[in-house]
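As given in Swiss-Prot:
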| type | residues | note |
| --- | --- | --- |
| DISULFID | 64-95 | disulfide bond |
| DISULFID | 74-85 | disulfide bond |
| DOMAIN | 61-103 | domain 'CHCH' |
| REGION | 1-26 | region 'Disordered' |
| MOTIF | 64-74 | motif 'Cx9C motif 1' |
| MOTIF | 85-95 | motif 'Cx9C motif 2' |
């Protein structure tokens, strides 16, 4: 149990994220297409709010870290050609935008 708590504290594990590619439903039926996200992170989740509140003041926390990792992986695979990875950068930017808007709307839950 302590190992699981350390993983969650470090921000490397989200129990709601499906990591098995065979179980991911890329086009779920009945989902409103206006609310579709092009990034795997959920910056407004309760877990991210908790992690952000529990971090030290001098510590940096990025709720869009999965999108950031994907951007770096794309750069590595494409010989650091930024044009090839534009979609990944856009996805990260949208994730950060959603997170900052959520923090501005509800400052009490994002201490």
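The backbone N, Cα and C atoms fix where each Cβ goes, and this holds for glycine too.
For the pair formed by residue 74 (disulfide bond) and residue 95 (disulfide bond), distance between Cα atoms is given as 17 Å, rounded to the nearest Å. Rounded to a whole number, the C-alpha distance linking residue 95 (disulfide bond) with residue 85 (disulfide bond) is 16 angstrom.
In the motif 'Cx9C motif 1' (64-74), the DSSP tally of helix, strand and coil residues is 10 helix, 0 strand, 1 coil. Looking at residue 64 (disulfide bond) and residue 85 (disulfide bond), their Cα atoms lie 16 Å from each other. With every protein chain in view, the residue among the disulfide-bonded residues 85, 95 whose Cβ has the most Cβ partners within 10 Å turns out to be 95. Predicted-model confidence for the motif 'Cx9C motif 1' (64-74) is 90, expressed as mean pLDDT. Per-site Cβ counts within 10 Å over the disulfide-bonded residues 64, 74 peak at 64.
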